[in-house]
Every structure is written in structure tokens, then in C-alpha cells.
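Take a look at the structure set out below.
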Amino acid sequence: MAPAKAASIPADKKRKADGSEKGTPAKSPADKKAKVTAEPPKAAAAPAKTVKAPATPAKSPATDTTPKTKQTPTKPTAKTSKVAEGASAVVAKSKAAVTRPTIPAKPAEEQAFPRGGASALTPLEYREVSDQAKQDVLFEQTETEATVNAKPKSKRRRAAEDDTKDGVKKVRTDETTYAEALSFKRLNVGMTMIGVIKEINDLDVAISLPDQLTGYVSITEISDYVTQQVEKAAGEDDDSDAEDVSVPELQELFTVGQTVSCAITALEHEAAPGSGDNAAKAAAGRKRIALSLKPATVNASLSASELIEGLMIAASVSSEEDHGYVVSFGIDGVSGFLLKKNAAGPLQVGQIVFGGISKMDSARRVATVTLEPSVLAKAVVPPTHAIGFDALKAGALVNTKVKTVLDDGLLLTMFGILEGTVNLFNVGVKISDPSADLAAAFKPGQKLRARVLYVDPIRKKIGLTLVPSLVQWTTHKFSEALDIGSIADFTVVRSEGSVGVVVEHSNAGLGFAHISRLSDKRVEKVETSFKVGSKHRGRVVGRDYLGGLLQISFQKSVLEQPFLRHEDIKVGTNIKGKVVRLTPGGVIVALAGTINGFCPKLHYADIALSQPEKMFKEGAIIKCQVLSVDVKNKRVILTHKKSLLNSTLPKIVSYDTTKSGDIGHGVISAVKSFGCIVTFYNEVRALVPMNELSDKFVESAAELFSVGQPVKCRIIEVNAAEEKMRGSFNLVAKKTHTSAELDKVTIGELVAGTVVGLLTTGAIVELKPSLVRALIPQAHLSDDLSSAEKAHTELKEKHAFKELLVIAIDTRKGNVTISAKPSLLADRKSRAEALTIDDLEPGMILPAFVRNATEKAAYVACAGDVSGIVRIHNISDRFVSNAADYLKPGQSVKAAVVNVDKNERKVEFTLKQSVCEPIKEKPVAARPSLAEYTLGARVNAKIVSVKDTQINVELAPKVKGRVHVTQLVDNISELKDPKHPLGAYKVGETIECKVIGFHDAKTFRSLPFSFTKSPGSTVVELTMKPSELALPDNSVSKQAEAPDTLDTLSPGKAFLGFVQSLSDEELWVHIGYNLLGRAQLLDCPNPAALRKPHKYFPAGAAVECWVAFANPEKKTLDLTLREPSIGSLIGTAFTEGQLIVGRIKKVDKVHGLVVQVTPSVQGRVHLADISDEFEKDPTVAYRPGNVVRVCVTHFDSEKHRLDLSMRDSRVEGSDSLIVDPEVRTVSDVVANSVVRGYISTVADSGVFVSLGRAVSARIKISDLSDAFIKNWKEVFVPGQLVTGRITGINSDKVEMSLKQSVVDPDLQAKTVTLDSLRKGRKLKGTVTGVKEFGVFVKLANSTLTGLCHKTQVSDTEVQNLDQIYSVGDAVKVIVLKVDRKEKKFSLGLKASYFDENDAVEEDEEAADEDAMDVDGAPEAGDVDEDLEEDDDNTDGEEATADAMDVDGQEADSDEEVDDEDVENIFGAFDEEDSDDGLEAGEGLEVGGFDWEGAAAAASDPSDSESDAEGDDKSSKKKTRRAKQRAKKEEEERIAQKEISLLNGDAPPEVAEDFERLLLGSPNSSYLWIKFMAFQLQMAEVQKARLVAERALKSIGFREEQEKMNVWVAFLNLENSFGTPETLQKVFERAIAMNEPKAVYLHLIRIYERTQKFEQAEQLYVIATKKFNKSSKVWTQLGLFQLKRGKVEDARKTLQRSLQSLAKRKHVKIICKFAQMEFRYGEPERGRTIFEGIMNNYPKRVDLWSVYLDMEIRNGDVALTRRLFERVIGHRFSSKKMKFFFKKFLDFEKKHGTPDSVDAVKQKAVAYVESL
């Protein structure tokens, strides 16, 4: 049965049925046992006579133990059949008996002791025995199985039996049917193969293996000697006495292209094993084949007896002798010797050789080896030697015979018993059509000479090659037509299916493209995409040195790579790369493929970067330049310096190619005391000594140069042999001349010349015909300095000058200076001889140039040997304070001779315009002239542009001018819009002006009228002041003729200034077109301007200011915005009662506030001077930076001490609400009066209470309390508010008592005593002690202290009392028991003892006090309460109308308003139009999310800021009843807290409390956010993050708002404690999980709240693009811009929003922008917008209401009244009219007069009567 099944399996499936992949035999237990029996010990061999093939072999144990599995053709992967197992067992037994047949039979005496276990059978006899054994075993197994497994015969089985003959089954034996190609999966450890070295590195060698594989040999796997040397070198650090040993150079031991024999030692896979998809990815990881060249490893299975002549064998050189080398084969008992004449060159100890055995000695202990190529090519293993499988090694040359021509190769036989395959890559001929080409080239039985390619001892596979270069043992020579990296067209020759394709190039030969390199994407069908004969564009990526093939890639990504190898990278080329990682030492940049470059930190940029991470972001593409390439170590060094990237100079890359005089860019790598070291490309360095660092003397190189600085360097000396160079930073070699050479030229001589070198300050010119080199400074290229600068940039070497003038000769230095100024050349040509001093006469006017300018004088020279001085008073007709500010070296001027001393050879000149005429340059072309623009000239100018502080005009073509804002008007009253004085002027408009001066367009320095000026670089200063235009032409006022300077300014002088810019504390103001001063914002008398400076001081705004201090030396000007008084300019004059504005600098709870009133003066506000009514904590409402208005109460000019007051009675002048009168001196203190004060000091003698800023009262210890206080210093602390009675006044000393019995004598009667205590009485008390057994409580108004036992504290059991009560807690108690004898009483605190109706004695007393009010009239507070109740019941229209208020607040309806009249008027119409509601408007949402998890507030944050600043104290003082009510509410709150503590629902205080609460409320964002805040308070930021993550996972998906609250809190956390990266990640997650617009707005609010305005603005830009249909986003952006003072941007935002939003939203957003204009912009513009809206929507009551609210808040009573009259003039429904009349009446009662109130009532009556 089984044999029949096996016989029917096809050949290709039979291999899979054998349990192997692609021909690998399965290793069953029987196979393993057979293998063991087939390999007996090598030392013992059976005698020849015992070896014979048995006719009927016994059953193998393997046959009995192998499981019997039914095989079917549909399952080719089943286990090996019985037939196959039996055949394997027979072959194994046969090999065990005759393992190594070698030589034919010899005489009997030798056969008795055969060497090496040789068989007595010949190979042919052995083959016959094996075949017979197979047939016997198969026959026996067939019979056995037929007997045991007798079953009914099927048709298929009967058909199979019909094929039998003589009882023997005709089945196929296990023959090879295909020639496999090696892959990583088919490799096994222990395989030997030949390879060719393809790459040699420092520590390993890359070897090209069969079938395009590559293996690596470590330096420790070459030979034992090399390994020992490496180990010694590695151990040098541990053993200091060891000899110096260096690691062997592998380049000296091997050569590329050398053929070696190697063995696989390990198959490494970098990816970790996995399953499923992970396993697939792991299989695709990088694989590595580890090889060994050690002879002991390669020849592991060889023995001395198996070495024969002609066998190729690996060996290592052990030692060098006189005539040859001793080599080691790694085989015990045998060594080798290599004659030097056969070595083909010198060898080193440890070097590996692969040679052939040419001779064995008789003792078989020494083998002679040869390396001669001609011998190795013919070293064939003799066919008479039937070598065994284990003795056959890769590299052996054998004679073979073609057994079968396979579909994909050849099956060859050798030695009669061994078989090997040759795949298509190794057949040695070009194969296009395998079936046809192989059949044509090879025939069965054909004899071939082949070389063993590999031997696999595990799978028993032998690979052979017929490649000519390998068979002949020569190195394959690749064509030079294509190198690695070359791109060409290739023709597909053959497709290898799932492996790749073979291609051919017409000139370079064959190549191979692996399937992974066919395309960047997966290629499904290779045969379709790469048809035979098709051409494809490919790139050579490598070489297969073993197979002689080019390795090709058709991937687009590879084709586009700039280079593939380090050798291809050229030094100095600019390349682009992607930033991989930023390290502390530099940036790693991916260049191409697997090639990375490194940019050191020194080469980030031309300057040092403080934040390189911003420039080198991961993944960014940057442009770099290659500094050096180390091919050996595969390192590329890059630079990112712009000076090197953009350099056009030649690259200095080596010492050999650099010549003296070369100039190139380099980088300073070291600064030494003797000079600088400059590094060029490829680590080429040059030393620049000190004398070559600059033209001038350099004392220290470190002062001028720094490491990393890019420089241009000129090479002056090169020593290529020693690799040394010297350089210079002087790019042009200045040549000094001898006196004889200088005699060839004279001063004043006209010469010609050619530029031979360029300098930064000029050029070197070689004069003709003298050949003397001279310097022409940059300023002497033209009469105009700006033109000279331009000419210098355009100047090139070899430029020829036709005319030059020699102006100076320095005989000492040997230098000559020349000039090309047209004015000097023209003057010299007008004279026959050069000008000398003898030719000068006073009054002569000469063209000249400035040699030098100092503060007090200038020195000029003419066209000849003439130079002189110009004193400061002769420089200009106008006043000049510093000559150096007006004159520059090299500047052309026209000078007049004032005085000549021909004896002393001295000349004095003048440059005044009144004496000299302006120089007229030789016109090259028609140029505009400034000559007509004289002082006072009247001109018409055309406006070109309007800036914040100036108007740019054009006077004529290419003549520019400007009108500075300070030259606009004479005083501020002439300005229509002081905030935008230049807003009325438009581009293109023509204006009338007068000339008042000139200034340089680049430096903005003023220029005298007498100087030569170029229209291109000069701007005409103009004025439009009415006072100047009223004067005659060519005349100006003295102020315009001689404008103020820092020297002429005097303190206190008034100016009309114009704002240039605004900073946090300072205002920069122009008071003249050449004067800019600094004013402190604190000097501004307007508090509103201090709060919103951007609104009041936009750029260009006009302000009145005064000079405070001018410092000409430091060139600083201080201004003040407050009109000065005597001494106020230096901060020393303050008068009592003076009202000033300041900014809070410091808040001190004990001493009060420190207020900055001027930049140099601070004042103090005492606690008693903060308010007219003392409060418990008076400083709680103030923060540093708040702007406050204060009154000066005292100023000590000597001590510079300033006392201030913030009392309303001082600041506002109101005395109606003074509760605690001001105590200025002791005389203000009234004896026996009850006063309040703040404790200032707690001393051992008592307590001192401050009654005023200068008056304190002492309280003795005995007067502190009626009861004894043990630790009284802990009870009374500084800053505490106390009430006491004045008990004595002695001169300047005040005594005071805090005893309740003294302060309130009537209280004595109310004092609780032991006798007055009754059981059940309920009292108030204070906790004085907490013990384990109970709580001690001191009764109020008593000295008694009682105990509340632990059992009476709570209705439930309490474990720890100290967690519920603490000393000082206020409590309510009930008397449970009184023992007057023992003077003891017990108290109770249980909640069950009290109910809501319980009233304490204090409440009763308060009620008694209320009953004593005069006439029983209600107080103001009662009226307020009634109004509040009325407001609560207001109709929906009013609430709706107020909904659009920009602040989100209700309308101003909290005044004392009597609505009776209006109610009566409209009483009859309340039921009408009840359903006519108003259209609701959405208020602006400006707030942000806080840590409490609340939603964003709808009110404007500025409201809270204003409240904090304390500017608007609109809230009224609380009445006595209101205070009592608040006190009662506080007591109820405390009681509720006590109950919460007792019931176990107290607020959490530790993490465990939060965890407990979250178990019950996992969806509460409030608890989660509180938990986050708790962790942050503990400085546990990471834990807070984890809490946020837990919250997001725990809160249910339906609780969207709760999750949003947590997300906002998370954003807040990262914004405050994280990095921009962590914030961005949380933000992106929040967008993905929530409504994106809400997340954007929340983050924007967070940025605004933390004053990160730049980030907020960037996010707004994104939000308006993503959510351009949302009016809320546009509104928020406009509000943000208005708050930042960007009014124009906000108006542009409105226009953009109208283009994006739907029309139905236009009214809404226009209304909101109008509200914001009222609030933060210009009310007039907001008013205009509202008028436009109301014209279109006159019936919108809600819009009218918002408009009215804005006008009311703006404060213009007349405008608001007129608007009300307009509104009530419209015809609305009666209910709406009632709303407006009521609002009008409220307004008039608050802001109007009784008459106006009556007028409103009359109008209401008239309206009702008209119905």
C-alpha cells in the first residue's frame, strides 16, 4: 500500500513529502540514528574482507520505529514513506561499512592494515552493491506491509500492482530533480564554501558568497595568531608592562578579489522572533552570515589520512623560514610547508592562504603546498581517489560527468558515488531560455571539470560551479564601462521568478537584480513586469565578485539618490539631507540610503546658536556642505555655515594641491597666544601667525577671533611633505617699497594703474609705468561716499584706472596712497603743477577731502602736498557740537583758505557754506541736484507714503524728502485727531513745505548745507508748521535754523511730542526730528491711560511733555508727561494733598502697600490709609501692578520718605462714609473712645496697635483680654484688626485696652457665668483644646471653659477628633449638665441637639438693636434688597436685551429706583403683547476654563482686573443688618462643614480621600480636576498627568462636557508645567476626541490668561481658517486684537469675517464688534457702526437696548439722553415701550436731575395717553 502511494507522488511534490523545503531532507529519528551508524570512528576501519553487500539485509531499527503515515498526492508535506526510509537506512549501512573508498586493492599485507579505513571495493562495485541493497529492502518492505495491512484493493492499487515485475516494485529512487540556489534559509552552520573578498574594514572582512549572498569574517576568526594579537592589544590597558602590540591591519593580509575558503559559524537575525504579523516582520529583518577563515574550522572534518595530492586546502602562515613558510592546516598530526618560490609574493605570519597540496611525505605528516595560479588551475583531485563526502571541501577541482540536464541547472556525478548540482548562475554560459540553452550546451554523460562551490554537511548537499574564473582560479575582471553608482539601460535576459531577474548591459556584461530591488513597491508578477527582452533604467549598486555579476537596482528611490557609496561623495559639494537626530555634540543628517553625515556643533551656523533645536528639527530638510569624507571609517563630516555654503572661492582640500597664494574659506578651530589655527576641508590646517591676523597691530588674537568663526585665508607657505601650512588673513599681500622705488612717484602726480588686489577697505593698484603698488581707499573711489561704497563692491581685479592722483607717500612704511575723486582730478588737471603751500592765499576755494575728524576739529587735504585744519566753529554756518558727528574720513568737501603760515607750513581752512560754494561733480549723466533746496526754500511735495511718525514725499525725480510729525503743527490744539495726527494725509496728495535741513538716508545724521550731498543718499527735512509757512521765502524761525540739541535743552522746557513706540513701563517720544526722548508711563496723570496705554498712546499720538533731564555725554533724554513744579523734575517736590497716580510695587499684609509714583520715588500707603472703613484684610484686593490713585499726606525731602493715602475722603473729597476717622497725630485721639486699629508689633511687654500712619497705642498684657490667655503671642499677630478703648493719653503716648469689659461695659451684664448656665441652653463658643477624650470649648462672652465629651461630639462614632476640630474653631454648643458645687459643666455638639429655629443670644441682641432704629425706616440695604428681588422678577425682554452686553453683565439696574410711577403708568397694559418676546442675542464669551472645571465665563476678564485694581468702588458699604445676615450665613456654613466632617463627606485632604470619592463619582470632572490640583500642590506634575489620563479613561463616553472639562485642565497643566511638545500632543489628542472649535478656543484662552500672546495669535490664525463660518471665533479674535491695541487689525478682522460668515450672522457679529469698539477701541467708531445697524433694523429692540447700554457705560450723558429720546420716539408695543421708559427713568435718576426725571415721567404719561 505505502509503496504504491509513494510511487504515485510527482517528483516535485516528492521533495515536499520528504519533509524538507525545496529539497532539504527531513530529519526523522530514524534518519538521525542512521547517520550515527553511518559514521564510525575514523581511527578504526574494518578489514576489507568483512565488507560486502548482504543479499537480504536485516531490518533496520529505524524501519521498525518509524510511524506509519498514509501518504496522498494532495498532501506533499507528509512524513517520509517507508520506502524512502528503507532506502536511507540501506545507504547509511552501506556507508557505515564502506565509508571512504580511496585507492584500488593493494597487496595482501597492506589490505590487512588499510590506511584511513579504505574500502576494498572500487567505486563502481560500491555503486552496484548500493543499488542491489535498495531493491532488496524495498521488496521486503512491500511484502511486509502487504501482509500486515491487508485491505480491500482499490482500482488505483491494482493498477499500481500491474506495473510490478517479478514481485519487485518499480519506484523512483530519491534522486535530485532541480538545482537549488542558496538563500539565507538554506544555509546551515558548518557549511564550507568558497568566497571572494569584496570589502576590507578595520575589524572585519566582507566576502562575496554564492548566489549573491554576503558574509562577514570578524578579525578574531581569521587565524589563531591574529586572534592572539587582537587579544593582546585589547589587554594592554590592563597590563602596563606588556609590550606594545597593535591590531593587525587587515588591508595587509587580504586584497579585494582574493578567493578564500570559509565556513559558516553563525546565522544571525537582528529582528526578535514573533508570531503572526510580527513573525513576518521579523523574517524581513536584517540577516547576517558570520564566517570563519580559521583552518581548524574550515578543515574541521578532515584528517591527515584524507589529505591527497591535488586537494585544495586552507592554511595559515605559522612562521617564516629561510626558504619558505610553515603553514598550519588546523589538523592534528600534520603540518604544511610553502616554498617562497611557490608563494607568489611575501607573506605575513597569521595570513590565510588557500592552496593545493602538491606532495605528501611518506609518513603523511608534512604536506607541501603551492600557491602558483597555473598549478592551482590544474590541481584536480585524481579520479582514482574515491574521496568521501566529509573529506570533500569547497574549492576542490574535480572531474565530473553530466548525469541529468535539469530544468534549472545540471546534476553532475563525481567519484562514482557523489552528486552535485550546478544552478543557472554557475553553469558558466549565458542562459536565456533554460530548457533550450541547457539542452544545447550540455548532454548527459558529458565530462566536465568543475570546482566545488559549497558543501552542506547537514543536508548532504554539494554545489558545483563551471564559471571559468573560478574553475581556472583567476580573479574576475569587471568591465570599466559601468562603475558602482552608474545609471544605464539594462535588458532582461532571464527571470528567476521569486528571486529576481538576470539582466545584461551591452558593454558591462551580465547583472542581477534581486526581487527586492525591482521596485519601491511590491512586484506581484515579475514575469509580467520584467519580460525577457524588455529594457529598464537601472543603477549599479554593487558587484558579485564570486559570480562575476553586477548587482542592479531598478528602484526609483535608488535612482534618485545622489550617491551610493562614501567614495562617491566629493568634498566641498553642497548636498541636502534630512535631520535624523540632534545630539549634544552635533546633528546627524541622513544623506542617501544608509549613508549618514554628522554636522558638529561648531558648524551649526556662522554664529553660535542658543537654541539649535529650532533650526534642526527632526525630519527637517537642510542644506549642508561636505567638509571631509573618511571612506575607511565610513564617516562624513558636514558644515551648515552659510559663509562656506555660499563661498565661490576654491576649496582647499589637500596639502599637495594647495599652492602659495591660494585663497579659500576656512573655520578657526583654535585661538592660541601665537595666532589662529584655521581648518579647511579634509582636515587640512594652516597656522595664521599674529602678524598676519590684521593690517594693524593685534595684541591678543582672542579679542578679535573666536573658535568656529568662518574666515577667508590666504596661503603664504606650504610644506606638503610635513603637512604644514602658514596662512594670512590679509588677502592681498601689501608690498612695501624702498626709497628708490618711491622716488618714481610724487605727490600730486597724475598716474594710471590696474587693480591687483581687493581689500575690505579699498584696493591695491599697480601704477604705470613705475610698477609701484599703491592703496586706494574705498572713500576715494568717488566724491560721494555711498557711490564710493557701491563702486567698491563692483570693483574687480584687473580693472584699469586711466587717471589717478597720488595724494600721500609714507617713506617710513614704504606705502603710497592714491585717489580717484573727480573733484581732485579736475583741480589737478586745471593746474600746470601740483599745488603747494606756497601757492595758497587766503580766500582761495579748493576741492578737498577729510583726512580725519575729532570732536573739536577736522583735518582736510587738497590735490597736492597741501593739508590743514578746520576748527569746529568753521565747520558749518550752524552750530556743531562734535565735528566727528558731521564729517567722515574720505568725505569730499569744498574748503576755503582762512590763514596760511608759510614759514611754519600750516594752513587753516573753513567749510562754511556762506564762504564756500558746493562742489559740482563732473556729471556722468543728468543727475538731480540739491542745490536749489536751501534753508527756508518753499517747495511743493507729493506724498509718497504716510507712516506713523512721518510723511515721505518726493520733491523732484530721485529727490526724497520727509515731514516729521514734529514739524506738523505748533501746538496740540491745531490737531483734529491727536491720536492719529497724520491720518488726514493721503498718498498722492501735494502739500506745501519749507526746507529746514538734510539728513543721511542710512545713518539719519543731520548734514550741514555746506557739504556735498548725493540725492540718492540724502533726505530733505521739511516743515509744515503754520508759523514757518507764514514767514517769507528763504527764511525760517530761529528754532528751525538752530534746532534744539541735547546741549541746549533745559529741564522744564515744554514740547509737543509724538509717540514713537511703547514698552511696558516707558514711552518713547519725538520732540524734534532729531531728538527722541524717554518718558515714564507713571508720569501720566491719567489713570485710565496707565491701565490701557496702547489705547491712549498709539504710535504717532501727540502728547504734551516736558524735559526732565538731558545728558549730552551719554546721549540720553528723559521726559515727563506731568507738568513740572519746583523740584519735581528730580522727584523731590510733593505737596500735601497732591493727587497723583501710581502703580503698586509691593503688597505687605502688615505694613501696607508700596506704590511707585515716579521712576525713582516710591511711597507707602499705611494699612490705616487704605480705606475709610477698616477691614479684616485690607490688602487682599490689591496686586502688584495695579494702578491706583493716591493722595500725598506727608513728604520728607531729606529722608526721601513719601506717605500716601487711598482713603476716599482724601482722594474723592467725600466725608459721608467715614467709619474709622483718620488719626494723623495724638491730638486726634479722644480719650475713652472706642477705636479700631491694626496690630503693628507684638513685644514682650505687650501689643502695639497702629491707629494711623504716625500714631500707635500700647496695650499691656493685662489689658489684652478679660480671660487668661496662656500663649497670647499666638493669638495676637501683626496686621490683625482689633477694637479697643482708649484708656489714657500721656503727651505722645496712648494707652489702650482690648478687654471686652472695658470696651463694652454693658456687655458685663450679658456675660455668661456659671450661675446663669441652665441645662439645655444653647450658646456659641470657641474650641480651645482637642484631646482624645473630648473637646474643650470656651463660651462666648464668658471666661468659662467646658468639656464636650467624645461621646457628645457627634451622632455617629468619631475616631479622630483632631481631624474634625482644631483650636480656634467657632462652634455652637448646648449645656448638658451643670455642677455648681464642683464648678463643672458638660457640653454637647451633636447635630441632633440643634434645629433650624435655634437662635443664639447674639441674634436676639441684634434684633433688639434693629428695633431701636429711628422711625423704623428701612436702610439703604433694604431698598437694595427689594430692588434685587424686583430684578429677579424682571420680564424676559429686559433679560434678553441685556444678554448682548459685551461684558456679559446685567444692565445697570441695581440703583435705588422707585418704579411705582412707571408701573402705574403701564399698569393697564401689562397683559398686552405678553408673548411678544425679544430676539435673544449671544453675549461675548471671553473667559477661560479654570482649575475648578467650571465652564468658561461669559464676562470680560477686564472686569475682574478692574475690580482687582480697586479703581471702580461701585459697591456700597454693607449695613448693620447686611453684616448680621452675612455673619449668620457664615455660621450656617461652618455648621454645615461640621456636619459634613461628622458624616464622613468632608472635603478630601489626602490622595486616599480623592480615591474614595472617585469610586462613588467616577464621572465627576470636578473631583478629577481637584485631584489634579492636589497633586500639583504637592509638586507631583507627573502624577497630575496620570490623574488626567485616568479621568479621560474613567468618565463615560456620554459625559462629553465632563470630559471636555478634564481636557481643558490637562491643557492648562501642560501649558504651565510642560513643554511645547507635550502641550501640542495633548492638544492634538483633545481635538481628535472633542469638538475641535471648542478645544481651539479653550487653548487660546489659556494662552491669553498666561500672557502668551504670540502663541495665541498664531492659533487664532489657524482657527479662523478652520472655523471661518463661526462668528464666535471671529469675535474672539477681534476682542483679542483690540485688547492688544491693534485697532486696525481688528477692523480688518471684521471685514474678513463678513466675507466668510453667512448673511444671517452679519448683524450679530457687527453688533459685537461695535460693542468692542465702545469698550476697547474708539467709541465714535462704535457709535457709527451702531447707527448703521439701526438704520437697517429700526425695530430690533434688543439692538437698541445694547446700543443704549454702551452709551450709558461710555458716560456721555447728553448723547445718551438724545439716544433715549430717539428710541422712545419709535412706535413699539406697549410692553417694549414700558421697558425703554423704565430704563430711561433709571438712567435719569442716576445721572440726571429731578427735572429730567419728571420730564421722563411726563413723556411716559403722554405716550400712554396717546394709545
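Using N, Cα and C of the backbone, Cβ positions are placed for all residues, glycine too.
According to TrEMBL, the feature region 'Disordered' maps to 1-106 (among others).
Feature annotation from TrEMBL assigns compositional bias 'Basic and acidic residues' to 11-21 (among others).
The compositional bias 'Low complexity' annotation in TrEMBL covers 37-98.
According to TrEMBL, the region 'Disordered' annotation covers 143-168 (among others).
Residues annotated as compositional bias 'Basic and acidic residues' in TrEMBL: 159-168 (among others).
What TrEMBL records for 190-294 (among others) is domain 'S1 motif'.
The annotation domain 'S1 motif' is assigned in TrEMBL to 395-467 (among others).
Within the model, the domain 'S1 motif' (485-555) shows a mean pLDDT value of 87, rounded to a whole number. According to TrEMBL, the domain 'S1 motif' annotation covers 485-555 (among others).
Sequence annotations record features per position, and here TrEMBL assigns domain 'S1 motif' to 572-641 (among others).
Feature annotation from TrEMBL assigns domain 'S1 motif' to 661-734 (among others).
According to TrEMBL, the domain 'S1 motif' annotation covers 748-821 (among others). DSSP places the residues of the domain 'S1 motif' (748-821) in helix, strand and coil in these numbers: 14 helix, 38 strand, 22 coil.
Marked as domain 'S1 motif' by TrEMBL: 843-912 (among others).
Per DSSP, the domain 'S1 motif' (936-1025) is made up of 9 helix, 41 strand, 40 coil. Sequence annotations record features per position, and here TrEMBL assigns domain 'S1 motif' to 936-1025 (among others).
For 1052-1122 (among others), the entry in TrEMBL reads domain 'S1 motif'.
According to TrEMBL, the domain 'S1 motif' annotation covers 1137-1207 (among others).
Annotation comment: TrEMBL describes 1232-1299 (among others) as domain 'S1 motif'.
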(message) I'd like to know if the domain 'S1 motif' (395-467) touches the domain 'S1 motif' (485-555) in this structure, counting it as a touch only when three or more C-beta pairs sit under 8 Å and are separated by 6 or more positions.
(response) yes
(request) Write out how many residues of the domain 'S1 motif' (1137-1207) are helix, how many strand and how many coil, based on DSSP. (result) 3 helix, 37 strand, 31 coil
(message) Is it possible to list how many residues within the domain 'S1 motif' (661-734) are helical, extended or coil according to DSSP?
(response) 10 helix, 35 strand, 29 coil
(request) Go through 395-467, 572-641, 748-821, 1052-1122, 1232-1299 and flag the stretch with the largest number of C-beta pairs under 8 Å relative to the domain 'S1 motif' (661-734). (result) 572-641
